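These come from TrEMBL:
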type	residues	note
TRANSMEM	B:12-36	transmembrane segment
DOMAIN	B:74-266	domain 'ABC transmembrane type-1'
TRANSMEM	B:78-102	transmembrane segment
TRANSMEM	B:109-133	transmembrane segment
TRANSMEM	B:139-163	transmembrane segment
TRANSMEM	B:184-206	transmembrane segment
TRANSMEM	B:245-265	transmembrane segment
Amino acid sequence: MAAIELKHVFKKYDDKVTAVNDFNLTIEDKEFVVFVGPSGCGKSTTLRMIAGLEEISSGELWMDGQIMNQVKPNKRNVAMVFQNYALYPHMTVFENIAYSMKLKHITKKEMQKKVSEVAKILDIETILDRKPKELSGGQKQRVAIGRAMVRNPRVFLMDEPLSNLDAKLRNKMRAEIHHLYQMLKTTFIYVTHDQTEAMTLGTKIVVMKDGIVQQVASAKELYRNPANVFVAQFIGSPQMNLLHGKIFYRDKKYFLMVHDYRIDLPKEMGEKLEQKDYIGKKVFVGVRPEDVEVLDMSRGGDGLKMNIEAQELLGVQTNLFLKRKDTHMAVVVKGRSDRAIGSECAICLDTDKIHLFDIDTEKNILKQKHDPK
Amino acid sequence: MEKIERWKQRGTLAIRLLLLAIAGIFTIFPFVWMIVSALKTKAEIMDTSVFFAKVPQWANFKSIFSDSPLLHYVWNSLFVSTLTLALQLLFGTLIAYAVVFMEFRGRKLLFAIIMGTYMLPTAATYIPSYIILADMNLLNTFTGLIISNCVSIFGIFLLRQAFMQVPMGLIEAARIDGASHWKILWRVVAPMTKSSFITFGLMNFITCYNSYMWPSLITDDPDKSLVSQGLRRFFIEGGSYGTEWPLVMAGSTIIVLPLLILFAFTQKWFINGIGGDTGMKG
């Protein structure tokens, strides 16, 4: 039985704005689900509907085989960690963590035991007597997580828990959350706009845009087999390049033209395109910066000729920014590059590594149906 | 340059202190005058050429305690003010919480109507209120006095403004923790807005304690007089030898005492707003 199921869930405000549009998702027990997308895509709203902080306009929310739409937040057995920590400022760390137990009239001894257990895991034993204003950002976040942990919830809900921390601390806390997930072995639902967090933490990632689910898949699958242009460009950094191309069939050969560069397509791929009626049609050609081969002009070669516009030396890799008329591309090459800015180069694309998208619907033409697990 | 800067700073500080001192003198002078006059004889009070009494007339105070019902009036005032304030706080808190944190149809309209009644001059409500109290047989009673003042629009407004500064995330965190509205109000919201409660309490207590017009309209039983009424009735109207100013002054000094004590204990929190950390970031 699925732990959580959302069936045709909508969130509408004043019957005008649709924040979440027909959200369907099945979350299995012990999954780490990440909702990711740009701000305003409805990811937090969906999380808040699961928490019970926001009413569901239509559709159904099921948890462990029970419909939850009308159940109060505290009866859903969920715990939430907020972006802004939401610690009670007038209570000490201990009181903050123990507050939910106090409301349940749990004995002092039991409270003390549970709080110290959690504090030990989170390494906050020494700050239990302090008030939130005396804590650093990272400590506050730990306390917030501790407050969620003492409740032994069925599901952890986390709403951008790391976005207020600086980059270094964020990486550290990200690793800790991952560790926590492995240790607690319970279901997590995590909201973020940061694709790195989504890719590293999630066992199942839900990419959202404008209240609509774009793709539900594992990190690997999202990266290798994006459902549409939005997902393709949202996941990965630098983002996927998008070129204009056209598909041809001549002399019993299928090929793709990008400017004057001809890429021969394998027969199987060509036939699929023919079946879908794309011969002679324009398409978007997506290619990840690291999947582009850069050739030196001196060696000749028949790639797509481009000029180097800028480059970023990052140590292990170099980002090259190429240009040809109004076509721009980012390319990642290993190590350092000694190419001069303004010089010409040629790029080569591997048919295994390109993604073709419909010009109008922006959907991945060749995407195979995969199990979202 | 540095020297000029330092002189400038000192100059501003001096001007600031001077202005505060002047304002302070203006504020405290009537008090000083009242206390000084309370120790004078009747003749000395009328003589503007002497400021301090030649011989302090402590007997003035003694006669207030022994010969006048003033202490009874102080008790009446304290009793009525405390109960009125308790009700004002309770009702004000509940409505402010509902208006800020609960979602229901007509929430904004409700608040607009509440604030609208604030525009109404108090004097315009005297006659209808009088009639209502008369119909309920509550004229000349403490109950009438208390219930006719048990809602304070100013207080509702003050608390609403304070509650609005409490981050919504805290309320939501408390809801998920399993706190009821009642618990959220008293365990989360109220401790965070303590200073507004104290400001509300102090200001309304003083207003109620000092109130004169309305109590004198609805009570005429001397036994039920509040301090301002009592002072007037006993020393000003009733004095057969003309107004006994030294006694009026001594009485006033005693009347003011509870308020000063109250203020001394609460001034730390008075008009302080929500200071410092609210537990939320961003």
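FYI, residue positions are counted from 1 along the chain as it appears here.
Just so it is clear, glycine is given a Cβ too, placed from its N, Cα and C backbone atoms.
Outside the transmembrane segment (B:139-163), and at least 6 residues removed from its termini, the chain residues within Cβ reach (under 8 Å) are 76, 79-80, 83-84, 87-89, 91-93, 95-97, 99-101, 111, 114-115, 117-118, 129-130, 133, 189, 193, 195-197, 199-200, 203-204, 208, 211, 214-215, 218-221, 224, 226, 273-274.
A Cβ distance under 8 Å defines the sequence-distant neighbours of the transmembrane segment (B:12-36), meaning residues of its chain 6+ beyond its ends; these are 51-53, 249, 252-253, 256. Packing against the transmembrane segment (B:109-133) from elsewhere in the chain are residues 95, 99, 139, 144, 148, 153-154, 156-157, 160, 214, 217-218: each is 6 or more residues past its ends and has a CB under 8 Å from a CB in it.
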